[in-house]
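Residues or ranges marked as transmembrane segment in Swiss-Prot (evidence: sequence analysis): 42-62, 66-86, 113-133, 229-249, 270-290, 318-338, 365-385, 391-411, 478-498, 508-528, 539-559, 567-587 (among others). What Swiss-Prot records for Asn151, Asn195, Asn221, Asn500, Asn601 is N-linked glycosylation site. Per Swiss-Prot, phosphoserine is recorded for Ser422, Ser427.
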Amino acid sequence: MARGLPTIASLARLCQKLNRLKPLEDSTMETSLRRCLSTLDLTLLGVGGMVGSGLYVLTGAVAKEVAGPAVLLSFGVAAVASLLAALCYAEFGARVPRTGSAYLFTYVSMGELWAFLIGWNVLLEYIIGGAAVARAWSGYLDSMFSHSIRNFTETHVGSWQVPLLGHYPDFLAAGIILLASAFVSCGARVSSWLNHTFSAISLLVILFIVILGFILAQPHNWSADEGGFAPFGFSGVMAGTASCFYAFVGFDVIAASSEEAQNPRRSVPLAIAISLAIAAGAYILVSTVLTLMVPWHSLDPDSALADAFYQRGYRWAGFIVAAGSICAMNTVLLSLLFSLPRIVYAMAADGLFFQVFAHVHPRTQVPVAGTLAFGLLTAFLALLLDLESLVQFLSLGTLLAYTFVATSIIVLRFQKSSPPSSPGPASPGPLTKQQSSFSDHLQLVGTVHASVPEPGELKPALRPYLGFLDGYSPGAVVTWALGVMLASAITIGCVLVFGNSTLHLPHWGYILLLLLTSVMFLLSLLVLGAHQQQYREDLFQIPMVPLIPALSIVLNICLMLKLSYLTWVRFSIWLLMGLAVYFGYGIRHSKENQRELPGLNSTHYVVFPRGSLEETVQAMQPPSQAPAQDPGHME
């Protein structure tokens, strides 16, 4: 038995390492980066991340092939669904005004390993997303010049037919990424100025499209003669919602930039709300005028807006639309390349990624090494790869990040607030970490509840009715309820997505299983709602927690389950690569690991003796607090 104890202890220690949290420090406003971004800067950064190629490509494709004129309803529902995730990011961005976005939010609430995996996937999302936008930018510009750029490259450089590779090397896409990376490395102010310029042009072009589009509108294009407003029915609207949801994924760049915001606790929630409203308004208005200008079934899915003006005889307007699309894609590219090195910087600053990427240039106050290194990597991928097959891969990483952030909001709301640390002789140093194996759940006999319950405790008003939940330590019931909620959310998603097509459930079995899982889901929400939460009047907080984060989780799970199995296979391979990096480097170099080095912590592992409670409590006391021995027994 004694030989097994070290193995059990080592496994327990490993689990402790994997789930250790990054502490929320009081000095969250101190940073090596330059806090220079205003609310307007953050808002335009978010608008640039959302209103890009999707407006000029996705709108026409969904209208023609999925939803018809009802695409505007698809965008409206998708905007509401995105708002659920955006609210979670807004609260975290105000509460933790540091760079890192979903990675950091997961680190402070759920644990180190989960945070690393989320950060690892967000990195890939930005890299592949930047390369895809650059190739779309190159292709759109090439089409304006009758594909002369592609023809020249294939003639003088060559082409190939290799799986996962493009038909020809896209030097233009690689070049625009390198140029954008150079501007981003010059500082946040330079990037913000460029983003302002391109965003202003893009918004003016959108305004032009809406005004001229309403002038040219022909309401009979929504009539029954043309197929009606919703030719694909309700199912088409919902299928369009799944596609349109990805048009709003750019708001997380605001949270990733919160460490450079002048007043993040106010600016981040405000910028997320305003940018999402602007993006939703732009998508809904443009899809409305597009389907009113020409019949939805005559749209060109590759360049719907420009082609619509061509069909109405306004070729000059088509060139304005093409110029606006180029500017819009520039804003998306700048937003992605601006956020990418900041995620790398956050992970490197925490010791989970290579330390060279934590270096901040003293003059520009930006992580130049990460900007240039990952800019080169993105350019290389854009040069060679055919990224169409990896688009769904981006969706999976984004949805997974949304799910973890929503879960983190619930976890953090029911955690006990950290008392502010005061510097002094009695305070532990910056590399000191105090832990206990079970003292977090220890309550002395005879302790009564305080007048103000702690987060995670049962609400006093409900104790007469739910007293059977009151005998547990704060947070214990919440943890179980959260686990049941997540399990039931996954089951609901599986039933909705696979119930008829894959599982081949009979109708009564489908309804029964969906009803049972929904009841479990609602009961877990009621149990969570019966417990005390953190309330901060000085910060933005989401209303209706845990309902809003829970709805976001269910939606994200359903969308993830709709992705192809090849996407999950590629995702698993990427996760394995991330685990190799974490266990090979991150777990040993983590800053939290440095705080736990021998001599820098005060961790006490307790083995319960076969004695009374009094003996157990005495055994837990540190040596300095042990009762003095009888002088007669001293040697």
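Cβ coordinates are placed from backbone N, Cα and C, and glycine is handled just like the others.
In the displayed structure, how are the listed features positioned relative to their neighbours?
Remark: Asn151 (N-linked glycosylation site) has no non-local neighbours by Cβ distance under 8 Å and separation of at least 6 in sequence.
A 10 Å cutoff on Cβ-Cβ distances gives Asn195 (N-linked glycosylation site) a total of 23 other Cβ atoms nearby, all chains included.
Following the DSSP three-state reduction, the secondary structure of Asn221 (N-linked glycosylation site) is helix.
Only residues 6 or more beyond the boundaries of the transmembrane segment (229-249), in the same chain, are considered here, and those with a CB under 8 A from a CB of the stretch are 49-50, 54-55, 58, 61-62, 66-71, 73-75, 77-79, 81-82, 86, 222, 276, 279-280, 283, 296, 394-395, 398, 559, 562.
Sequence-distant contacts of the transmembrane segment (318-338) (same chain, at least 6 residues past either end, Cβ-Cβ under 8 Å): 44-49, 51-53, 55-56, 126, 129-130, 133-134, 136-137, 140-141, 144, 176-177, 180-181, 183-184, 188, 191, 194-195, 198-199, 201-202, 204-206, 208-209, 250, 253, 257, 303, 305-307, 309-310, 371, 375, 378.
Below 8 angstroms of C-beta separation, residues 32-34, 123, 126-128, 130-132, 134-135, 138, 164-166, 169-171, 173-175, 177-178, 180-182, 184-188, 337, 340-342, 344-345, 348, 356-359 of the same chain, each at least six residues beyond the ends of the transmembrane segment (365-385), sit close to that stretch.
Residues 84-85, 88-89, 91-92, 101-102, 105-106, 108-110, 114, 118, 121-122, 124-125, 128-129, 132, 246, 249, 252, 482, 486, 528, 542, 545-546, 549-550, 552-553, 556-557, 559-560, 563-564, 567-568, 570-571, 574 of the same chain lie 6+ residues outside the transmembrane segment (391-411) yet bring a C-beta within less than 8 angstroms of a C-beta in it.
Same-chain residues lying 6+ beyond the ends of the transmembrane segment (478-498) with a Cβ under 8 Å from its Cβ atoms: 407, 410-411, 414, 456, 505, 510, 513-514, 517-518, 520-521, 523-525, 527-528, 531, 546, 550, 553-554, 557-558, 560-562.
Listed in sequence order, Tyr510 are the same-chain residues six or more apart from Asn500 (N-linked glycosylation site) with CB atoms under 8 A from its CB.
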By Cβ distance under 8 Å, which residues at least 6 away from the ends of the transmembrane segment (508-528) in the same chain are close to it?
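Distant contacts of the transmembrane segment (508-528): 410, 414, 469, 477-478, 481-482, 484-485, 487-489, 491-492, 495-496, 499-500, 546-547, 550, 554.
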Spell out yes or no: are there three or more C-beta pairs under 8 angstroms between the transmembrane segment (270-290) and the transmembrane segment (42-62), with each pair 6 or more apart in sequence?
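Stretch pair touches.
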Just to confirm: which same-chain residues, 6+ apart in sequence, have a Cβ under 8 Å from the Cβ of Asn221 (N-linked glycosylation site)?
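Expected: Pro69, Thr291, Leu292, Met293, Val294, Pro295, Trp296.
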Which residues of the same chain, at least 6 past either end of the transmembrane segment (539-559), have a Cβ under 8 Å from a Cβ in it?
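Those are 81, 84-85, 87-88, 90-91, 94-95, 242, 245, 265, 269, 395, 399-400, 402-403, 406-407, 409-410, 413, 485-486, 489-490, 492-493, 496-497, 521, 525, 528-529, 533, in sequence order.
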